[in-house]
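Participant: Provided herewith is a single structure, encoded as structure tokens, for subsequent inquiry.
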């Protein structure tokens, strides 16, 4: 169903073209930067990393947004909130996959979303390595773009497949989730025990693209980062995937929700109920997991 934009909002066709162009330009910057040595440094006690490439790509995107729509809010992965707006806000992850880049693994993307009153109405994910871009506009579908040009990409709709004997799932969690978090540990035990494979890509937007294409059977997210969630979730939803809260209820897609309300399970409509049963099974074993002491580096004398 089409969602009417807020009064005085941007033309979504114009915003779509803009987001595609700026994501590709940021991707070119990243590709050029990867030819040299990439220096990474910690940006938090959780071990999350940042590079000069993150910062340069973010500056490019944010400067372009503020020049085109100075009245809009902008919230970015590295710089935080550049400008506030209760109605229209752009969310920018200039390099989703920094930890991969830091070890020389070419698995990273650029993510941009536009939110109307907190909910995503436009999302773009660009893969500089493959030279491909995926986008979604709320109520208008998801698209794959093979190269530069106008946003008239090919419609993207995840294929319907038989229910797998055991699913291939992706897992993502927020940077601030502690190793001794009993809910996260219980969820991982359940997924590792039941799934054929559990992918942890260090680039959640790549997982969302894989789900939207039908490459994997689902994603489970526990207290995920807020900035990259809207673009990926909208892409998968517009490609035909279902997104639920961990308890199976409606997922609140508004940016700015508390971390515990951002936890989700996503997958094909025909298997989403099975996926919800998997993740809710974690509550059965969480009391036992809570009694186990996590192994630390100090424990093994690292």
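Just so it is clear, glycine is given a Cβ too, placed from its N, Cα and C backbone atoms.
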Participant: Can you pick which of 215, 217, 228, 247 TrEMBL lists for the same Mg(2+) 1 site as 77, 95, 96?
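Facilitator: Looking through 215, 217, 228, 247, the residue TrEMBL assigns to the Mg(2+) 1 site is 228.
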Participant: When DSSP is mapped onto helix/strand/coil, what comes out for residue 77 (Mg(2+) 1 binding site)?
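Facilitator: Note: residue 77 (Mg(2+) 1 binding site) is coil by DSSP, not helix or strand.
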Participant: Quick check on the binding-site residues 77, 96: which one has the highest count of other Cβ atoms within 10 Å of its Cβ?
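Facilitator: Per the Cβ count within 10 Å, the most buried is 96.
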Participant: Enumerate the residues of the same chain, 77, 95, 96, 228 excluded, that satisfy the criterion Cβ within 8 A of the mean position of the Cβ atoms of the recorded Mg(2+) 1 site; list them in sequence order.
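Facilitator: Other same-chain residues near the Mg(2+) 1 site: 54, 92, 93, 94, 97, 98, 109, 110, 111, 203, 205, 225, 227.
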Participant: Have a look at the binding-site residues (93, 228) and report the one with the fewest Cβ neighbours inside 10 Å.
Facilitator: 228
